[in-house]
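Reading through the structure tokens given below for one structure.
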Amino acid sequence: MSDENQHGFYRTSFEYASISWRRMIPNVADTIVVTLIGATALQVASNVLITILTLNIAFLNFCSLICMHNLKRGAKADVFAAIVRAACMMIGVYLALIAVSVATLEGAPRTQTIAFIALSALRPFVAGWNAYCAEVFFAQGKRQIVRSVITRSSLIYAGVNLLFVGLSHFAGTQNSIISLLIGVYLALFHNALAYARILPTEWRFSRQDLKDVFSLRKLDLVGIGAGLSASFINMLEMGFLALVGWVVAAKFPQIAVFYFPFFTLVELTSGLAIGLGRSVTERLITPRPFPRLHVLIAVYSTYSLLCFLIYVGLIGVSNRDIFALPLSLAGLALLFLICDGLQLVVRGYTLAKADGGKLTHLSAIAYLASGVILALAAVLGSVQALAIALVLGPLFLAISIPAVQSRTALNALPNR
């Protein structure tokens, strides 16, 4: 692989990582908001809240994969039709959540939960348009446009949410559902309008184009399987980490002080992994050369180690001894950090395939096994079992994804 191509690969990866880090600004705001929801007695059922957040992430991953596989084929109408249909399916899930909430909740929690679901219904359609526009700019190499738009919208989202929740909290009044969603929709519509204003003419939709989109019966698309695989594993990961969080809070309060800050670190390190993995997927689809797998593993592992050392240093400054925990959880935490990122990187190989490779099957096996061990950890009260349950899924995927791919598939493009 030439120095120019290698430099281009890493430059692209860091640009995608930069966008991922900016997208985490709302995630941090969401975490604070969820904390303050409990503090100010806003009674939205936590399982519904987490489900909707997870569905939004899965939906955006589906949209991105569909666009990556098809925009360069010029299938504009088919891509947008697929996004609209996926958004309609999201509405179907929201209706199911409303039905479950009506059947299982009572009083204020039921009213506020249903209101939250109903007011979230427009989000998939606007987010789908934004994903389409962002992928158009990505395909044209104009990543700086997306980075600029997302930076502004993330700050709007975080600022407005924290402003409303903070004012409510300090005034001693209860938050409203509308105040929580104002930041979300302001950020979404900011993106939608910003993209619409600068979107290239050939990628815009006239009235006739929209008629064509809604009249399509059979879509000429590739990559549906890859999009569904990416969405499926997102839901598995988020669901599993939510379960781990509940188990830690209920059964292992002694490590909660380390666990929850640790996942802020995981998000920061995963940004680079997402950038590397996406660059791999793009270059396999195009196709163009990229570094060999062992080089990517070395780059990400070194980065993870440096981030972890900073985390340990901050723990030390706070007068807490992470190494005093059972089974030296610091070592297992580092293993999780590296493996979680590596499986994001190697996932890029499978998502370049139209059917997503064997990602769905491997993910189901990994998190089923992790779930069994997590249940044992909760029953036995074993911190060691909890740590193993947490590490097992990413470790299994980081090893098994390259193992099940043929050598030809993994080394198809790099120069020999």
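Cβ coordinates come from backbone N, Cα and C, glycine included.
The transmembrane segment feature in Swiss-Prot is assigned to 24-44 (among others); the stated evidence is sequence analysis.
Look at Swiss-Prot and you will find 48-68 (among others) tagged as transmembrane segment.
Swiss-Prot lists 79-99 (among others) with the feature transmembrane segment.
Only residues 6 or more beyond the boundaries of the transmembrane segment (114-134), in the same chain, are considered here, and those with a CB under 8 A from a CB of the stretch are 44, 48-49, 52, 56, 59-60, 63-64, 67, 79-80, 83-84, 86-87, 90-91, 94, 97-98, 101-102, 146, 149-150, 177-178, 180-181, 184-185, 188-189, 191-192, 195-196, 199, 203. If you look up Swiss-Prot, you'll see 114-134 (among others) marked as transmembrane segment, on the strength of sequence analysis.
Annotation comment: Swiss-Prot describes 153-173 (among others) as transmembrane segment.
What Swiss-Prot lists as transmembrane segment is 176-196 (among others).
Within the same chain, residues 50, 53-55, 57-59, 61-62, 64-65, 256, 259-260, 263, 347, 351, 356, 359-360, 363-364, 367, 370-371, 374, 377-378, 386, 389-390, 393 sit at least 6 positions outside the transmembrane segment (230-250) and bring their C-beta atoms closer than 8 Å to a C-beta of that stretch. Here Swiss-Prot flags 230-250 (among others) as transmembrane segment, drawing on sequence analysis.
What Swiss-Prot records for 255-275 (among others) is transmembrane segment, and it gives sequence analysis as the kind of evidence. Outside the transmembrane segment (255-275), and at least 6 residues removed from its termini, the chain residues within Cβ reach (under 8 Å) are 12-21, 24, 27-28, 241, 244-245, 248-249, 300, 303-304, 307-308, 311, 315, 320, 322, 325, 329, 333, 336-337, 340-342, 344-345, 383.
Cβ atoms under 8 Å from those of the transmembrane segment (295-315) belong to residues 10, 258, 261-262, 265, 268-269, 272-273, 276, 280, 321-322, 330, 333-334, 337-338, 341-342, 345 of the same chain, restricted to positions at least 6 beyond its ends. What Swiss-Prot lists as transmembrane segment is 295-315 (among others), and the listing cites sequence analysis.
The feature transmembrane segment is assigned by Swiss-Prot to 322-342 (among others), with sequence analysis given as support.
Marked as transmembrane segment by Swiss-Prot on the basis of sequence analysis: 372-392 (among others).
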